[in-house]
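Under the heading region 'Disordered', Swiss-Prot lists 1-34. What Swiss-Prot lists as domain 'HIT' is 49-158. Annotation source Swiss-Prot lists AMP binding site at D76, I77, H145, L146, H147, citing similarity to another entry. The motif 'Histidine triad motif' annotation in Swiss-Prot covers 143-147. The active site, tele-AMP-histidine intermediate annotation in Swiss-Prot covers H145.
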Amino acid sequence: MMEEEECGLGKSCARSEPVAAAQPAGSPGETPAVAAESPELANYSSKCVFCRIAAHQDPGTELLHCENEDLVCFKDIKPAAPHHYLVVPKKHFENCKYLKKDQIELIENMVTVGKAILERNNFTDFENTRMGFHVSPFCSIAHLHLHVLAPADQLSFMSRLVYRVNSYWFITADYLIEKLRT
């Protein structure tokens, strides 16, 4: 079942029940028009800003080159570090809370893309990065997205709080992978 909710940036996003994120095209959570358009849009919500960006329907967002056809990457509109990128799956997943063990590869691919974007922008000190996810209900956008921040030692005081490692509201990609494996 899909409901609209305010999810940040003054936009409305679709909120789904945990199982809806993994349902196939034509599932109860999608409108018939969207599900019928194409298999690639099976988990697409026109009300979700990240779904629109991933579908190249937001001309104001510059997508960065990404070697993974299932992901898109772009700069965060409110950067917390000199390098602050978001890696977003084209498929709509509400947030990391709804991921299962069989989606570990997705998270690993998101990290790989994040590192590649940093390298392409001449940043290679991966010990000085922060890659992670906000945990519900602290997600500003109800669409899974990996924050890639570097250099981590240049985060402001507030940003160090907002992106605090393995807190109640932000977890690293490594921590998420570890939790999904257990």
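Every residue, even glycine, has its Cβ placed from backbone N, Cα and C.
Counting other Cβ atoms within 10 Å of each Cβ, the binding-site residues I77, L146 show the lowest value at I77.
Shown in sequence order, H84, Y85, L86, V87, V88, V148 are the same-chain residues outside D76, I77, H145, L146, H147 whose Cβ sits within 8 Å of the Cβ centre of the AMP site. For D76 (AMP binding site), the same-chain residues lying six or more positions away in sequence with a CB closer than 8 A to its CB are H84, Y85, L86, H147. Across the motif 'Histidine triad motif' (143-147), DSSP helix (H, G, I), strand (E, B) and coil residues number 0 helix, 2 strand, 3 coil. Mean model confidence of the domain 'HIT' (49-158) amounts to 95 (pLDDT, 0 to 100 scale).
Residues D76, I77, H145, L146, H147 are recorded as binding AMP; their most distant pair of Cα atoms lies 14 Å apart. Just so you know, of the binding-site residues H145, H147, the Cβ with the fewest other Cβ atoms around it within 10 Å is the one at H147. For the domain 'HIT' (49-158), the DSSP-based tally of helix, strand and coil residues reads 37 helix, 24 strand, 49 coil.
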